[in-house]
């Protein structure tokens, strides 16, 4: 466990001009101390590295034997001239036809078994992100005014929310549902929840079906994830009813799985497509803001009110060969990490009632530390799958040397990369990916992730701009970030995209895509009306 002092960061906050008291008219400042993510790359657990290398070892037989066979075959063929080679092949085929036919049969059989047993390629044909109407757009000041007019919050709670919003990284064009804007009564009702869910979900799906020209009846697998709002019938049943989908559709509804549930839904859809050839799957990721709007005064439960905003994504996946040419991305890897066995991790984001019996989402002060531990495990497992071999060799060598010999310096190691140095060799994940879509949870989380992963401002730009423009849209945020990259026309053929999300449980999940072609600016995209204004300078 990291030293407690190493996990603390300080920040000087300008609290404005004192309005009353002996210091009236004078500027006031305060020092804020908070926990930050641990330097998880400096304390990597060897067992998670071994787990990642396990994936590679499964294919080690091919890596070991194929070069030897090629070397032997090359040596044998290289000793013959072209005329001698053709004469030998003709004589063998002429006098030993059974051997030739047997060899050819074994070759065809082996090739057939290989292609039949390998996993089917999963393609991302296209996706859509819902953009709410402008009448749902609110500024940070309007959020505070809405809270004040509701009469549910005391002045201390209002000032707390105002301070959180000021440092949140959220802009003045995010969206909240009508139930929050127009109602001073309870907005967490089933009626309001269904209205919000149908608005965002049908909006995203209508756009997806229009872009892909796929009929709803052609969809064979449907996976919906929404953490907070889980009515009966389910949201997946609501979609099937609305679009009159076919009766044998495989539908799933994931609830209570937090902001990382979008990647879990993709993983489930992939498994279904692997066992159902020539099929399409739709993954819908959303969260219900109004249903979880907290009207109490517990500060740990007020934080979600400040960050969560309306949003929804719909993704079309396919394993059909005819979708290869029009697909945007191919699924490469999914790595999932779950820390739910630990009690602190399990309760760090917890839905419960406060002392006044108001339902809300309680966020623990240990969230940063717990999230850092889950992230460390996830990226350590992912590393061997995606890092170049040179990076893997350096990383694994220094890690093993550090594990076995501790403070001794390894022979031939440069002092800067020596395992005995305070800072061991850190893999450069920028060599594995061209684009990063990190869940836009908050400005503080993105700051710490950028520092720990040593990402550039451009690497983290999609996440920061998504947080500024749309707020924290929960599990759909990573798709708004990919939409940002497409609107900027940054995705080219062969580029690798890393989507990273984390959420309650505690879970941290990664998915890696490879671009099948250069992605031109889409005709439908939530960023089109404002992309020329981004990136914005968030330091102002």
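Here the Cβ of each residue, glycine as well, is placed from N, Cα and C on the backbone.
Just so you know, TrEMBL annotations are computer predictions that nobody has curated.
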According to TrEMBL, which stretch among 32-52, 95-115, 116-136 corresponds to the feature transmembrane segment?
95-115
The annotated transmembrane segment range in TrEMBL, which must be one of 249-269, 270-290, 291-311, 312-332:
249-269
Any idea which of 55-75, 139-159 is down as transmembrane segment in TrEMBL?
55-75
Distal contacts, the transmembrane segment (249-269) - CB-CB under 8 A, six or more residues away:
219-228, 230, 234-237, 240, 276, 281, 283-285, 287, 313, 315, 317, 331, 334, 336, 349, 351, 439, 441, 472, 474-479, 499, 501-505, 507-511
Which one is it: of the active-site residues 338, 435, 439, 468, which Cβ has the fewest other Cβ atoms within 10 Å in this structure?
338
Between the Cα atoms of residue 259 (active site) and residue 439 (active site), what distance do you get, rounded to the nearest Å?
8
Other than its own, how many Cβ atoms are within 10 Å of the Cβ belonging to residue 472 (active site)?
26
Relative to the Cα of residue 338 (active site), which of the active-site residues 435, 439, 468, 472 have a Cα no more than 10 Å away?
none
Measuring Cα to Cα, tell me the gap between residue 439 (active site) and residue 472 (active site) in whole angstrom.
8
Round to a whole number and give the Cα-to-Cα distance in Å for the pair residue 468 (active site) and residue 435 (active site).
19
